[in-house]
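Chemist: Dumping the structure here so I can ask a few things about it.
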Amino acid sequence: MLLYIILGLLIHLVFFASIFDIYFTSPLVHGMTPQFTPLPPPAKRLVLFVADGLRADKLYELDENGNSRAPFIRNIIMHEGSWGISHTRVPTESRPGHVALIAGFYEDVSAVAKGWKENPVEFDSLINETRHTWCWGSPDILAMFAKGASGNHVFAHNYDAYSEDFGAQDVTKLDTWVFDNVKEFFHAARNNQSLFSKLNEDKIVFFLHLLGIDTNGHAHRPSSREYLNNIKIVDEGLKEIVSTLKDFYGSDGKTAFIFTADHGMTDWGSHGAGHPSETCTPFVTWGAGIKYPQKVLAQKFDDTYLQEWKLENWKRQDVNQADVAPLMAALIGVPFPLNSVGTLPVDILNSTDLFKAESMFTNAVQILEQFKVKMTQKKEATLPFLFTPFNSLSDSKQINILRKARSYIKQKKYDEAVSLCKELINLALKGLSYYHTYDRFFLAFNVVLGFVGWTSYASLLIIKSHCNLTRGVSKEVKKPSHLLSCGFVAVGVLLALFLLIQACPWTYYIYCLLPLPVWYAVLREFPVIQGLVTLLLTFPPSHFVGYLLLFILGVEVLVLSFFYRYMLTAGLIAFAGWPFITPLWTRAKSTSLSWIFFCLLLAVFPLMPVVGRKPNIFLVVGAGLLVLLLSLFVVTSVIKRKDSFVNEELVLHLLQMLSTVLSVCVVYGTHNSLLKKQGLPLINQVVSWIILASSFIVPLLSPLILFDRLFSILVSSMSTYLLLSTGYEALFPLVLSCLMFVWIHMEQETLPQSVVSCKQKVSSIQFTYNTDITRFRDLYLDDIRRAFFLVFFLMTAFFGTGNIASVNSFDLASVYCFLTVFSPYMMGALMMWKILIPFALVMCAFEAVQLTTQLSSKSLFLMVINISDIMALHFFFLIKDYGSWLDIGASISHYVIVMSMTIFLVFLNGLAQTLTTKKLTLCGRPKSHLI
């Protein structure tokens, strides 16, 4: 069993990692020549304000009284500058948002996962190209650009990381700290000659990162009074900073201003995915080199924002987030960031037509340089007869477009030159994408080959273990041919040489060579394949087709549940009808009625709103009270069952009841404390961590009797789950566990007497430390159904309270009983544990199903993996790299989730075995197992 687990785990880790080589490789190339506009720039300095987490609609809309909550910005839009929406890309997180704004490229997901505080990949940025840059704000963001810059020209001023507290009394201090420090900085500069001289040079940037809005959005939601008031405070702060700069520089007209955001935020206070509330951020710019407002009679946009914001008469000029970097570079005359893929929005510039044309030409050459480097790299790493160039932008076409654009500029045909440069930029970006995804089909083909091979091999192992299909096959056929092994070795050597000649990364060797041993193992089982085909030919075609269609339908329901949660409801309603098509209804009517009731009750959860969008602390308290009532019932039964009133089991139940009471009190107390903006009480935090730690130990003290152990696991898990809940989801594990208890009874009732000679009562069965029980019986069709039930219940555990295929479904409020200071890894770990608790409950229940039905754990594991792999293969083919960013992000996350689930199954299987079979004893007695 261990060998199969290790083999399966390694193969699936490779399949999981492949997605990062196929879709998430870094787009960066190095070796380009810096490009800058050869004309005097309109501005000497630039001020960049980034309001972290600010939604465009919340800034631009009018309040209930018809007034703007940002009057200074509204005045800029109407009298001084240009405005629009900056469209971001997924993942809508702080790090990639700032990289897009300041460096001009969209960071790959694999780099984002490596951290907030350091540069996981080397890249050029606007800050790196400036003469001097001064930054104020969050340490997470400032350090990223300060450490990535060459030289000592970047000066970062940040507050302490512990100031980022979601439970603090007033987080607007994060923004007022920035504004106050900037004003003090300019005041001190008047008395510091060295600093005064630096501030009066050209090509300088002031970067103000404002985190208060994002923090208030997470803590209170974007529609809250706190979030909206924070916008007013930022607006007032902007007015003060602009006034300070005008006083310092004497209104010399050489300062450009840009106000924008790194990402938006959903109505429930999260971000990361591609919803318009997350991808639509404000973009307002004014000052040197920026056009004044333009009044128009009509504008054509696909949305209704202009009418809602009462801005339909002021020209709206939208940009992509990466376009901001070349705009800033052009305004102050520094080289465009080398890795930028942004297109300069020339319509925003208030400069000569010559400057616009030259800047656009520089932008085109800068992006073309990246294309040339990328093409050269790919050409050098590919055999000449296999290399397929990007024909839409050949060398001759590049030269012709550049020559023609330069000619237009000399002839003062500036509009034609700008248009031609935009065409060249579009072609170069398409070419960059072409070479970036050059090996995608080749890698995907090998991964699919490995998928199909592994699934085939796992299926053959199951059949071989439980069906003697090789009786009619001669011994000569059974012996593997030496020619077969030699053939596979030869193919492997040729593949390795092919990859070596092309200087491919070491990961390519794994993806290409892995399918060979897998398919060799499949073909070694040719006698089993031959026997299986013979058996299927004797099977009635109508029965075979019926079972196949039923299996396909079941898998498709599982796949569709990733897109539509109500498919889980449909599946659970179908499950409720299971007793009626089997003898269960007549054999165990009361158990069947319980099954129907809990299936229908659980079916309600996927129809409810996603967790976090409508928090309700009273439902969490209600769930805790239900657990207490259930525990009280069990305690009563324990007292009746035991001779002595006080015993170890009773003490354990009372401790667990106390833990539940403490959880309810902590949840309620923390909620009230945060409402009053008094922060997270230390005693609540300590108790929460103690309850979390004890939830791993306490179940191991309970008896190994099946239902006693499962109930102990449930109560301990619920104590932790309550602390991580914000609403109705607190009831979910309770209902799920009730269904699992009934399922154990139902599965035992399905067993015929011939299968289990001595069928025990479920109440008397004990968990035993057992590696496999294949010897007890052969495999039946019911066992395939049990494997499907397990996968379906795991999907229900995953999506029952929210479609967490989107990053924005994670609600930070879930962890406020444990910590409120921003800590991405700790918060992520706690939210991951919240997801895993329902998983663990399902897996523990299935350990009991395996025990009561005497089902082979090895075969079951392989069946579950096969079903999961078929789902993963679905999502592999559904991955998109085109269309809306919402679709692209969702398609990738679906594959990652189902592959993670497959890998987690190994961990969950081990966790379930530990929780159900290990026994610790109090009073210093030794640890024991029941064998």
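Glycine too: its Cβ is placed from the backbone N, Cα and C atoms.
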Chemist: Which one of these stretches, 2-21, 562-581, shows up in TrEMBL as transmembrane segment?
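Modeler: Going through 2-21, 562-581 one by one, TrEMBL gives transmembrane segment for 562-581.
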Chemist: Given a Cβ distance threshold of under 8 angstroms, which distant residues of the chain, six or more beyond its ends, lie next to the transmembrane segment (618-639)?
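Modeler: Answer is 645, 647, 649-650, 653-654, 656-657, 660-661, 663-664, 667-668, 711, 715, 718, 722, 725-728, 730-731, 734.
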Chemist: What stretch of 441-463, 651-670, 721-744, 860-880, 892-912 shows the most Cβ pairs under 8 Å to the transmembrane segment (528-550)?
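Modeler: Highest pair count goes to 441-463.
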Chemist: Taking 562-581, 593-611, 651-670, 721-744 as candidates, which has the most Cβ pairs under 8 Å with the transmembrane segment (682-701)?
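Modeler: The stretch I would name here is 651-670.
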Chemist: To the transmembrane segment (721-744), which of 441-463, 593-611, 651-670 is linked by the most Cβ pairs under 8 Å?
Modeler: 593-611
Chemist: Any chance you could find the range in 441-463, 562-581, 593-611, 651-670 with the most Cβ pairs under 8 Å to the transmembrane segment (860-880)?
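Modeler: Answer, by Cβ pair count: 441-463.
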Chemist: Mind checking which residues reach the transmembrane segment (593-611)? Cβ under 8 Å, same chain, six or more beyond either end.
Modeler: 268, 561, 565-569, 572-573, 575-576, 578-579, 726-729, 732, 735-736, 738-739, 742-743, 745-746, 796, 799-803, 809, 811, 814
Chemist: Let me spell it out: take the transmembrane segment (651-670), skip the flanking residues so only those 6+ beyond its ends count, and list any with a Cβ under 8 Å from a Cβ in it.
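Modeler: Residues 617, 620-621, 624-625, 627-628, 631-632, 634-635, 638, 680-681, 684, 687-688, 691, 694-695, 698, 701-702, 712, 715-716, 718-720, 722-723, 725, 816-817.
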